[in-house]
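> Take this structure first; my questions come after.
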Amino acid sequence: MNILLTALGVMAVLAILLGAILGFASVRFRVDADPLVDQIDAILPQTQCGQCGHPGCRPYAEAIASGEADINQCPPGGEDGIRKLAELLGVDFKPFDGDAAEPKPKSVARIDEATCIGCTLCIQACPVDAIVGAAKQMHTVIESECTGCELCLAPCPVDCIRMVPLGTSVETWKWRYPVIPIRTIKA
Amino acid sequence: MMYAPYLARPTTVSTVMFKVLAALLPAIATSVWVFGVGVLVQLALASVTALVTEALMLRARAVPVAPFLKDGSALLTAWLLALSMPPLGVWWLIVVATAFAIVFGKQLYGGLGNNPFNPAMVGFAMAIVAFPAQMAAWGIPHGPLSALDQLGWIFARELPAHLTLDAISSATPLDYLKTHIAPDMSATQVMASPLFGHFGGAGSEWVAFAYVAGGLYLLQQKVIAWHTPVAMLGALGLIAALMHLADPWYYSGAPFHLAAGATMLAAFFIVTDPVSAPVSARGRLIFGAGVGVLVYVIRVFGGYPDAAAFSVLLMNIATPLIDRYTRPPSFGAANRKRKEKSR
Amino acid sequence: MRQLYRFHGGIHPPEFKELSNGTPIVSPPLPARLVVPVSQHLGAPAKPCVAVGEAVLKGQLIACADGRVSAAVHAPTSGRVVAVGEADVAHPSGLLQTCISIETDGLDAWIEKTPLPNWQEADNETVRAFLRDMGVVGQGGAVFPTALKLGVSHLDTLIVNGAECEPFISCDDRLMRERAQEIVEGVRIAGTLTGAREMLIGVEDNKPEAIAALTAACAGTPIEVVSVPTLYPSGGAKQLIRILTGKEVPHGMRSTDFGVQCFNVGTLYSLKRAIVDGEPVISRIVTLTGELERCGNAEVLLGTPVEHLLAWAGVNTRCDGVIVGGPMMGFPLESRVAGVGKAVNCLIARSDTLLPPRPPAMPCIRCGACADACPAQLQPMELYWHAKAREFGPAQEANLFDCIECGACSYVCPSQLPLVDFYKFAKDEIWAAERDKKAADRARARHEFRQFRIERDKTEKAERLAARAATPAPAATPDAAKADAIRAAMAKAAERKADVAPPTEDAKRAAIKAAMARAAAKKAEQQDAGTPPKPALDDAKRAAIEAAMARAAAKKAEQQGTATSEAEAVPAPAPKPAIDDTKRAAIEAAMARAAAKKAEQQSTATSEAEAVPASAPKPAIDDAKRAAIEAAMARAAARKAEQQGAAAAEAEAAPAPAPKPAIDDAKRAAIEAAMARAAAKKAEREAQKGQDPQP
C-alpha cells in the first residue's frame, strides 16, 4: 500500500513539475504569428492575381499552410516557385496540373488611352494600385508597379487594356545556362 | 563560338590519367622482377575486364563510349586493383573484382567524377570479404614457378608435380606478423624470419620503393598534391613509432609499417585519387592523416592483415563532410569579418 | 626595393603581346558614320541631349550624365546627328541599346575646349562634377565613373594599374611608352585630389620599355614605378592592391575603407586630358590584334564601327569571329557594326589556328587545379557543382560573388569546363531573383496598403453614417439636396440599366449595335487623327516623347483646372475643382454615394479622387495609434501620388488636346461609342452565357 502511495506521489509530483515546465515553455517561447504562412507568402510572387483560386497571395499562403491547397496552383510563380515551396514544406515537387493555367512570360497591362472611357473599374480591380486616373478621365498603368495579374482585363467595359510582354533589356538580360555536350544521348 | 577563356592549358583528363599510369610503370617492373609474370597476367586480365565493363556500362547509360574509354580512368582503376591483388591469384578473382569495381564502384554512381569511393578499393574490399581464401595466398618472392607454370597456376590451378601449394605461396609479412606474435614471441623475433627482408617484406619492399619513385614523379608533375601522402605516411609512421616506444614487444616500428603491405601504393596512388578525396589543402591533410591512423588501427587491432582499402573507403565516406568544413576563407574574408566586428 | 606581396593562385598563359606591342599608336581614318552608345559606363545611361539633324562639333556634349552614377558622352568628331535610337553595341547579350549616330563631315572641327585650369583651388565636388560631365570613366574594363572614385581624402596609397596582365592586349603598354609624361601628370592630379600619401604605378615586368618610360617621367616626383612579377591576373584591382600593399580588399567593400584607391593608366591619361586640355573622353587606345594584316594599337574615336577598324587593319580570310577584350575575359562580338565604347580595350580577330577550340568537356574530377589557380581563393569546382545544379543559395554561401571572373580556373581545368560561364549564369540568376523579390515585396506592400485603405474607408463611412443618423437636424438642407441628387442619379442609373437591358434579349441586335458603335468610334478616331498626340500614343515611340508630353500635359492641366492629378497629389479635402462642370461633379458624387449605400462591397466604387488621396487632414479617426500609422502611410502615399501625378497628368494629355467644343463633340461621340461597345460586350457575354449550357 505504502509503495503504491509513494509511486502515486512521485508520479503526481513529476506530472506537476513537467506540466509547469511545459506551460512555462509555451509562454516563454511562444511564436507570435504563424511564421510558416509568412515564409510561404515570401515565396509567392505577389501578383495577387487569384489564378490559384484564392483572393490574393496571402490567402493562398494560408491555405497551403493549413494543408487545404496544393503547392502547384500558382502559375506566375512558375515551376521554380513550386520547387521552392516543395523545399520549404518538405514535400515532393509537383508539376502544374494539366488544366491549370500555364505560366506566361512576364507582362504588364497597358491601357489604350484612346479607347479608355474613364470608368475607374480597372482602378478598383487593381490589387496593387498600379492604375491611376479619375472618373471620366483617362487611366494609365504605372508599369513599374504592375504585377501582370490581368485582373484589370475583365472589368474593362471597352476592352481597352491589353497585356504587353516585357522584353529583355540589357539590365534584365541573363547569361544563359552553359551547354556542354557531355551527355549527347543517342537517338 | 565558345565563351571566354579562349586560351586553355592543353591538359586533359586523359593527360592526367596517363601520367598516373606512367608513374606505375616502375612498380610494375619491380613487381614482375619479384613475383614473376603473374603480375602482368593480372594486369592484362584487369585491363581487358575494365575496358569491356566500362564500355558496356557506358552504352547502357546511353553515354558516348569513346571519349570516356579514352580518358584512361578505367585502365587506371584496373591497374591499381591488379597491383593490390595477389600476383598469383586465380584468374576469375581479378576479373570479378575489376568488374565489380567498375560497375558498383564507378558507373552506378554516374561514372567518371561522380564516384564517392575509390573504385579500385571497392573492388579490393569486395574480393577480400567474399574470397578470403583466394586472397590470402600471396606468391613467394622470387618463387620457384617458371613463367609458364605461373600461367598454368593462374588459369588452371595446375602445379608442376614437384611443387606443393606451400612451396609457392605464403602469407604476407603483415599477415604473418599478426598470426605469429604472442607473449613468448616478440615482434622483433617474428620479424627475424627471412620473409621480412630488410624493412617490410622480402622483395615487396622494393616494390614499395618503386611506388615512392612513381609518386615523386607525380608530385613533380603536379598531378598530385603533397598533402595527402605526407599526412598519411606521417600519421601512420608517428602512431607506429609511438606504439613501438610504448611496447616494443607487441608493436613493430615505423619503418616496417611504412614499407609493408600496400602503404606506399595507397599513399601515392590511392588516397591521391582526386575524385573521392577532399579538395582543399587542409581537407587533404585531414583525409590523409585519417587514412594513416585507420590503416594502423585496422592492421594492428582489426581482423584483417592489411587495411589500406578499408581505411580509404571509410575516409571516402567522410570526404563531403571534410570538404564542407575545410573550405578556405576567400580573398579578404578575414578583413571583412574584422570590419564587420568593428562596426 | 619595395616589398611585394603575393596573391593566391594565378596562371601564366601565353602572352601573344608581341603581335601588337611593337608599333606605335596610330590613328585610323575617320569613318563615315559613328555609332556612339549612350551607356558606355557603369550606372544610368546618359540622356541624349541632341536632336536628329542637329550639327555637332567635336567634343560637344551629346548625352548628359543622368544621376550620380553616370557619365556624359561627347561627339567624337564634328558632323550631323542622323539617328538617336537603338543600335548594335558591343555587349555579350547582342541586344540593341540607345546610340547616337553621327554622320561625320571630315572637318573634325573642335568645339571650344573648356579645361579646368584652377582645379587645385576648386573644391573636390566641382572637380568631380567636371569629370563626370567630361565623361571620364575607368578604362580598365569596369568603366566605373571616375568621379565617384575621387570622392575621398587622405588616401594612404594611390595605385595606378599598368599591369595589363591579359594576353594579347597592349594598349596600356603603348600608352605608357609613348605618353608617360601625361600619365604621370594625371597621377599627380589624382594624387592631389585624393590627398594620397603615396603614389605607386604597378607595371608587370614583361613591359620593360613602359617601366623605363614611366620611371623617366616620374623623375623628381614622389611617384614610384613598381615592377611586379608577371602573373595573370595581377591586373585585377584587388590583386594589384594586394601585390603592392599587402592589403586584401574583400568583396562588397570599398578599397578606400583600407586607404587605397586604384586607377588604370588610361583613366588617368584621359583625366589629365580633361582637366588640363579640356578634352572630353572621345577616343581611346584599342589593341587590334589576331588574324589581321597590321596588328597594333590605334587611337580610336568612340563609336567607330568595329567593321571599319577591321577593314582598315586588313582581316585575314582565316578570321571567323571577333573577340571584344582579351582572350581570358572577353566576349564574342555579335555584330560588327557595333561602335567602340569606352570599355573596349582590345579587338581580337580570332581563328581556330590562333585560338584553338577547347577539347570536349569532361566531368569534373575534383582535381583542385582550379582552386590552386583561383586568385580569389575560392573553390571553383564547388561553385561549378552548385551552379550546374542551379543551387544558388549554396553557391552564394561558397562566396560566388567574390569571383572576379578572371577565367584562371577554366584555363587550368583538365576537364576543359567553361567554369566562368556557369558563374556568370548563376550570378545573373541570383540578381534576377533579387529583382523579382524586390518587386514582389513592393507589390505586397502596395496590396496590403490598399486593403488597409479599403477597410479604413469602409469604417469611416460607417462612422459618418452613424454620426449623421444620430444628428439629423443640423444638416437638413444639404441633405435634402443630396437626397434629390441621389434620386436623380438612381433614376439615371435605372435608365442606363434599361438601356442595357434590351440587348440582352436580342444578341443579334446587340451585335449590330456594337458594329455600328465601332464604326462610330472609328469615325471619331479619324476625326481625331488630325491632332498629334493620338497617333503618337498608338506608336511604340510613345516612350521617347513621354517626358515632353508629361511636361505639356502638366501645363495644360494647370490651365484647365481639371487636374485631378493634383487632387491626388495634394491632400485636398474634397475633389471640388476636379471637374470643370460643378453640376456634373455633384451628380457624380451623389451617384458614387448612392452606389456606396447600395452595396458595401462596392464602396470602393467611389471616384479615384476619393480612393487614393492622402487622408492626412482627416482627423476623424478615433484611435491615436492608428492615426500615427496612417499619417506615416499617408506620407508615403503622398510621395507616391506625386509620382503618380506625373503619370496621370501625362495620361490626361492624350484625350484633352484643347477644351474646344468641336473636339468635345468628337470626344462625346467617342464616349458614346465606348458605352455602346460596353453594352455590346455585356450582351456578348450574356449571349455566351446563354449558349454555354447547351453544348
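Any Cβ shown, glycine's included, is placed from N, Cα and C.
Just so you know, TrEMBL annotations are computer predictions that nobody has curated.
On a predicted model such as this, the values are computed, not experimentally measured, just so you know.
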> Please identify the range among C:74-93, C:114-133, C:254-273, C:494-513 that TrEMBL labels region 'Disordered'.
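That would be C:494-513, the stretch labelled region 'Disordered' in TrEMBL.
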> Looking at the [4Fe-4S] cluster 1 binding annotation from TrEMBL, with C:Cys364, C:Cys367, C:Cys370 already listed, which candidate in C:Cys218, C:Cys295, C:Cys319, C:Cys413 is the matching residue?
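Record check against TrEMBL: [4Fe-4S] cluster 1 site with C:Cys364, C:Cys367, C:Cys370, extra candidate from C:Cys218, C:Cys295, C:Cys319, C:Cys413 is C:Cys413.
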> Which one of C:Cys346, C:Cys374 goes with C:Cys403, C:Cys406, C:Cys409 at the [4Fe-4S] cluster 2 site, as TrEMBL has it?
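[4Fe-4S] cluster 2 site check in TrEMBL: besides C:Cys403, C:Cys406, C:Cys409, the record includes C:Cys374 out of C:Cys346, C:Cys374.
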> So for C:Cys413 ([4Fe-4S] cluster 1 binding site), how many other CB atoms are inside 10 Å of its CB?
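Excluding its own Cβ, the number within 10 Å is 29.
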> Would you list the binding-site residues among C:Cys367, C:Cys403, C:Cys409 that come within less than 8 Å, Cβ to Cβ, of chain B, in the order they occur in the sequence, writing 'none' if nothing qualifies?
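In terms of proximity to chain B, the binding-site residues that count are C:Cys367, given in sequence order.
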> Other than its close neighbours in sequence, what residues sit by the domain '4Fe-4S ferredoxin-type' (C:394-423), given a CB gap under 8 Å and a spacing of at least six beyond its ends?
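Long-range Cβ neighbours of the domain '4Fe-4S ferredoxin-type' (C:394-423): 9-11, 13, 232-233, 236, 238, 250-252, 328-329, 358-365, 367, 369-376, 378-380, 382-384, 386-388, 430.
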> Quick one: Cα separation, C:Cys370 ([4Fe-4S] cluster 1 binding site) versus C:Cys409 ([4Fe-4S] cluster 2 binding site), in Å?
4
> Tell me which residues of the chain lie with their Cβ under 8 angstroms from that of C:Cys406 ([4Fe-4S] cluster 2 binding site), as long as they are six or more apart in sequence?
C:Tyr232, C:Pro233, C:Gly236, C:Met328, C:Met329, C:Pro375, C:Val420
> Taking DSSP states H, G and I as helix and E and B as strand, how many residues of the domain '4Fe-4S ferredoxin-type' (C:354-384) are helix, strand and coil?
10 helix, 0 strand, 21 coil
> Which residues of the same chain, at least 6 positions away in sequence, have a Cβ lying under 8 Å from the Cβ of C:Cys364 ([4Fe-4S] cluster 1 binding site)?
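Correct list: C:Met381, C:Tyr384, C:Trp385, C:Cys413, C:Ser415, C:Leu417.
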> Helix, strand or coil for C:Cys413 ([4Fe-4S] cluster 1 binding site)? Use DSSP.
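Coil, per DSSP.
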> What is the interatomic distance between the Cα atoms of C:Cys403 ([4Fe-4S] cluster 2 binding site) and C:Cys367 ([4Fe-4S] cluster 1 binding site), given in whole Å?
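Pair distance, Cα basis, whole Å: 19 Å.
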> Among the binding-site residues listed here (C:Cys374, C:Cys403, C:Cys409), identify the one with the smallest other-Cβ count within 10 Å.
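With the binding-site residues C:Cys374, C:Cys403, C:Cys409, fewest surrounding Cβ atoms within 10 Å: C:Cys403.
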